[in-house]
Structure formats: C-alpha cells, structure tokens
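Enquirer: Could you have a look at this structure, given as structure tokens, before my questions?
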Amino acid sequence: MSPLVNAKKMIQNAYENHYAVAAININNLEWIKAALLAAQETNSPLLLATSEGAVKYMGGYDNCYAMVVNLIKQMNIKTPVCLHLDHGTYEGCIKAINAGYSSIMYDGSKLSIEENIKNTKELLTITKLKGVSVEVEVGSIGGTEDGITSEGELANIDDCYQMCLLDIDMLACGIGNIHGIYPKNWKGLNFNLLKEINNKVNKPIVLHGGSGISDEQILKAINLGVAKININTECQIAFSNALQDHLTKAGDLILSKQYDPRKILAYGVDAIKNTIIDKFTKFNSLNKIK
C-alpha cells in the first residue's frame, strides 16, 4: 500500500484555517531527503512536486514515484506526504496517475477556456476513480526567459468561476506572480484580483512562483484564500550557495579529502532543509498534523 496521500484534505484544511501548504519542487534524491526531513522535524504537511522536466531528468514517472515512496519508508516518515505533478500536460497527467502519483496539476492555461475545461472534465473522470487530487491553472503564470521577464496574465474572474464549477480541489491563477527570480521593478501581487477570485470561487487557491515574495505579501495572500505555495528557486539557490561555499573553503579537494560526493551533497541537503523549514514557519504550517 502506498504511503502517499492526496492533497485534498491537507489543502482544504489549510484553506479553512488560514495557513498554506508548501509545495516543494524536487530535482533529485537530495531534494526529496531534505523535504522529508523538514516535514518530519516540524510536523508539517508536505507536498512534493515534480515538473515534467524534473521527471525526465530523474528517470521517468515510475522512478520518481519509487524514490519518494521508498525514502518515506526507509526514513520512517510519519507526516502526510503528497506526490504531485506540477504544470502537467494532459498526457503527463495520465502518466503520473498511472505511475501512482497522488495529485496532479493540469496546465491547460495556454488553451481556450473551453478546451481547458473540456480536458479537465476528462481528467476528472479518471482522478475520481483513482483518488487523485486535481489542481488546474487559469491564466498563465509569468516568468523570466532569455533575460526578458513576463508579468504573466491576470486571470479572468469568470474563467476561474467556470473552471471551479467542476469538482477540482484547487485553482492556480495568474495574479501578477512569476516563476523564477523577481525583478526589482516587479509590481507585486494583485490583491484586489485575488480577493475577487476568492470571493467568487470559494476554492483553495495556489500561488506559483512563491520564491522571493515578501513575507508581508505571503501572509496577505494566505488570508485571501491561498492555501498552497510553490517553492523551487530559493531551494536551488540555497543548495548551490552551500556547495559553492563548502568547496571554496575546502581548497584542494585531494589534500583536504573533500571529494566524496555524499559528504559534499550533505551540505546542500542541510541548506534545502533549512530553507524549507523557514517556509513552513512563514506559511504558518508548523505542527498542523493532528
């Protein structure tokens, strides 16, 4: 029996009690270990997310599932853990479900709202049978590519409402947030839009691009219906800085005998874990497991 849980209960509980579940994008074994340790130490709910790119890098959906499940068992993790596909295509969602993922995000935001809803309906017929939770995106999230930062779309309120007439578990919508590092001239989240969407849909809302948003804006977003916040960039930076710092201090790796990759990567694991615990604290999700 799989130790994974779907996200429905943990996200709904967060929504009703004004905290947010951290969704940690995992990139390799070290990321999984760090996130599981952070959740166990703080008694916090945890959502592990893989992008389709990370799935390819880590050897496929079956391998990602096996790594997460086996580490949960080997590390004797008792806190609830959900394995989630982030920004999945229709085909990717099917593959993730078949591999044993307990949650999916279908990203049809680049399609017309009619086609997005149609594909979501089809996926829901499968997820209901499998007990898999569903996140759907309306209004694409911005990001930085080739040095050019896109602010992303501001989601259409009526489109959000139409999507939430379906039995989805959480809604991702563009409210001025972007993936990656926020530029200095970023305008911030559009709280008026977030408030209107929350009042209209009455569903847990997902904030993508959570890395780099101020604590004040995070808390305000949570109070306006955000119940899941995605984190990736800050963990990547923490991991890279920790390894760079350690290797710089080590100097000659042969003379200092600092060439064992397991020992080197342990510094990165600690850095990721500490970053995640900091997010749990700021999202008010500490000790939320009864």
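Positions of Cβ are set from backbone N, Cα and C atoms, glycine also.
Copying in the features that Swiss-Prot gives for the protein in this structure:
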BINDING   Ser51  D-glyceraldehyde 3-phosphate binding site
ACT_SITE  Asp86  active site, proton donor
BINDING   His87, His179, His208  Zn(2+) 1 binding site
BINDING   Asp107, Glu137  Zn(2+) 2 binding site
BINDING   Gly180, Gly209, Gly210, Ser211, Asn230, Ile231, Asn232, Thr233  dihydroxyacetone phosphate binding site
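Mind mapping these onto the model and telling me what they sit next to?
Expert: DSSP classifies Ser51 (D-glyceraldehyde 3-phosphate binding site) as coil under the three-state reduction. In this view, Ser51 (D-glyceraldehyde 3-phosphate binding site) is surrounded by 18 other Cβ atoms within 10 Å of its Cβ, with every protein chain counted.
Residues within less than 8 Å, Cβ to Cβ, of Asp86 (active site, proton donor) and separated from it by at least 6 positions along the same chain comprise Ala23, Asn25, Ala49, Thr50, Ser51, Met105, Asn230.
Mapped onto three states, the DSSP output places His87 (Zn(2+) 1 binding site) in strand. A 10 Å cutoff on Cβ-Cβ distances gives His87 (Zn(2+) 1 binding site) a total of 22 other Cβ atoms nearby, all chains included.
In the three-state DSSP scheme, Glu137 (Zn(2+) 2 binding site) is classed as strand.
For the recorded site, Thr233 (dihydroxyacetone phosphate binding site), the DSSP three-state label reads helix.
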Enquirer: Going by C-alpha positions, which of the binding-site residues (His87, Asp107, Glu137, His208) is nearest Thr233 (dihydroxyacetone phosphate binding site)?
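Expert: Out of the listed candidates, the nearest Cα belongs to His208.
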Enquirer: With every protein chain in view, how many other Cβ atoms are within 10 Å of the Cβ of Asn230 (dihydroxyacetone phosphate binding site)?
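Expert: Result for Asn230 (dihydroxyacetone phosphate binding site): 25 neighbouring Cβ atoms inside 10 Å.
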